[in-house]
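All remarks here apply to the structure that follows.
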């Protein structure tokens, strides 16, 4: 395994994973601050019959955030040097930013159409990230597939809410 500087120790490798997790956690907190009343607002909307109950979103996103952080870390770990995966990680970073913007748009601003545009971009970015990650590390790419699948589902849900409301 290539190294960044000298020998990689397990504390260093774990520390980098915790760093990825911390960045994703900050993005999650930013999104959650705008969703303080999201559960109540969600139940007031006209929803499609296949919409999950509001309590599902928290546990699902918790798991997804861990997978997102682990995917970035796995790509870094397999590459050996930050500069080797700079392009991939730059694209990867766009996803959580778009993700963080969705909640304030949908719930905070009450702008489901703008949120739909945001989440469509997110689905495209996550798909592109999976493709570029797969060229370097299949495990890192696979870790993002549940994120893409849930985001695609959420896109359909957002679109249905726009139509129904």
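Even glycines carry a Cβ here, placed using N, Cα and C.
All annotation found in TrEMBL is predicted automatically rather than curated by experts.
The annotation transmembrane segment is assigned in TrEMBL to 12-36 (among others).
Annotated transmembrane segment per TrEMBL: 56-77 (among others), in sequence order. Using a Cβ-Cβ cut-off under 8 Å and counting only residues 6 or more beyond its ends in the same chain, the transmembrane segment (56-77) has close neighbours at 1, 13, 16-17, 20-21, 23-25, 27-28, 85, 88-89, 92, 95-96, 133, 136-137, 139-141, 143-144, 146-147, 150.
Summarising the annotation, TrEMBL assigns transmembrane segment to 89-107 (among others).
Annotated transmembrane segment per TrEMBL: 113-134 (among others), in sequence order. Long-range contacts of the transmembrane segment (113-134) within its own chain (CB-CB distance under 8 A, at least 6 residues past either end) are made by residues 71, 75, 87-88, 91-92, 94-95, 98-99, 101-102, 105-106, 140-141, 144-145, 147-148, 151-152, 154-155, 158-159, 162.
The annotation transmembrane segment is assigned in TrEMBL to 141-164 (among others). Nonlocal intrachain contacts for the transmembrane segment (141-164), taken as residues 6+ away from its ends with a CB within less than 8 angstroms of a stretch CB, comprise 45-48, 51, 60, 63-64, 67-68, 70-71, 74, 95, 99, 106, 112-113, 115-116, 119-120, 122-123, 126-127, 129-131, 133-134.
Sequence-distant contacts of the transmembrane segment (89-107) (same chain, six or more residues past either end, CB-CB distance under 8 Å): 23-24, 27-28, 30-32, 34-35, 37-38, 41, 68, 71-72, 75-76, 82, 114-115, 118-119, 121-122, 125-126, 128-129, 132-133, 147, 151, 158. Distant neighbours of the transmembrane segment (12-36): 61, 65-66, 68-70, 72-73, 76-77, 96-97, 99-100, 102-104, 107-108; these residues of the same chain sit at least 6 beyond its ends, with a Cβ under 8 Å from one of its Cβ atoms.
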